[in-house]
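Listed in TrEMBL:
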- 8-209: domain 'Phosphoribosyltransferase' (DOMAIN)
- Arg80, Arg105, Asp132, Pro133, Met134, Leu135, Ala136, Thr137, Gly138, Gly139, Ser140, Asp201: 5-phospho-alpha-D-ribose 1-diphosphate binding site (BINDING)
- Ile195, Gly200, Asp201, Ala202: uracil binding site (BINDING)
Amino acid sequence: MNKQVFIMDHPLIQHKLTFLRDKNTGSKEFRELVGEIAMLMCYEATRDLPLEETTIETPISKTKTKVIAGRKLAFVPILRAGLGMVDGVLRMVPAAKVGHIGLYRDHETLQPVEYYSKLPLDINEREVIVLDPMLATGGSGIDAVTIIKRSNPKSIRFMCIIAAPEGVKAFTAAHPDVELYCAAVDDHLNENGYIVPGLGDAGDRIFGTL
Ligand SMILES: O=P(O)(O)OC[C@H]1O[C@H](OP(=O)(O)OP(=O)(O)O)[C@H](O)[C@@H]1O
Ligand SMILES: O=c1cc[nH]c(=O)[nH]1
Ligand SMILES: [Mg+2]
């Protein structure tokens, strides 16, 4: 697999993914699982954040210790399904700002249609992590990153839960500078553009609009 692609095969993530895929998992549990998986993936995707030394006093003595070195993050969920990942990542990085990009996939053409975009004003000073549970054809992820690049962020990473091989290929070709983090790369896309075996329609399962 391409060095730009990171598969997060931690046992806790893989365990939760099994219940996420199960068609008998209801919306409440599905939402909780998406949030938990996003939190665990964020832990891994921020592993290389630089640290700097600071001095504090414990109740016992002064000590030198570490904090994250002034790097500013922004999370950008792709509406709707990416919203399900926001709470989980904010639990890990509460000071991050949150932008939103609204895209839906036209059911006939499978082409993404943009309907909303609101990014933090200082996004050019931030490292961005884009959130969307599904990378299917890759069209939505590719367009979201193209939109964000116009605002010149310091860097962009893309975090999805399940990707199709077709989406990974298209995304890495379109944005070779953007690291892609996923919990699983599945088998293929079906004739309707759904990931097989996948988990169905992530947005519908999160928001109960099936
Ligand atoms: O890689 P692609 O082929 O573009 O497909 C992936 C997109 O499809 C889903 O969104 P959807 O269009 O269902 O919108 P929703 O989140 O509002 O349900 C998913 O959340 C991605 O954004
Ligand atoms: O399998 C898929 C493909 C696109 N969007 C989804 O929510 N699921
Ligand atoms: Mg959907």
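Note that Cβ sites are derived from N, Cα and C of the backbone, with glycine treated the same way.
Keep in mind that what you see is a predicted model, and the values were worked out from it rather than measured.
A map of TrEMBL features onto the structure.
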| residue | record | Cβ contacts under 8 Å, 6 or more apart |
| --- | --- | --- |
| Arg80 | 5-phospho-alpha-D-ribose 1-diphosphate binding site | Tyr104, Gly203, Ile206, Phe207 |
| Asp132 | 5-phospho-alpha-D-ribose 1-diphosphate binding site | Pro77, Ile78, Ala81, Gly82, Met85, Ser140, Gly141, Ala144, Phe158, Met159, Cys160 |
| Met134 | 5-phospho-alpha-D-ribose 1-diphosphate binding site | Ala81, Cys160, Ile161, Ile162, Ala163, Ile195, Gly198, Leu199, Ala202 |
| Ala136 | 5-phospho-alpha-D-ribose 1-diphosphate binding site | Arg105, Leu110, Ala164, Glu166, Gly167, Leu189, Gly193, Tyr194, Ile195 |
| Gly138 | 5-phospho-alpha-D-ribose 1-diphosphate binding site | Ala164, Glu166, Gly167, Val168, Lys169, Ala170, Phe171, Ala174 |
| Gly200 | uracil binding site | Lys23, Tyr194 |
| Asp201 | uracil binding site | Tyr194, Leu210 |
Near ligand 2, which of the binding-site residues Met134, Ala136, Ser140 are found, taking a Cβ distance under 6 A to any of its atoms?
Met134, Ala136
Under 6 Å from ligand 3 by C-beta, which of these binding-site residues make it: Asp132, Ala136, Ser140, Ile195, Gly200? Sequence order, please.
none
Listed binding-site residues adjacent to ligand 1, that is, members of Ser140, Ile195, Gly200 whose C-beta is under 6 A away:
Ser140
Please report the DSSP secondary structure of Ser140 (5-phospho-alpha-D-ribose 1-diphosphate binding site), reduced to three states.
helix
Determine, from DSSP, whether Ile195 (uracil binding site) sits in helix, strand or coil.
strand
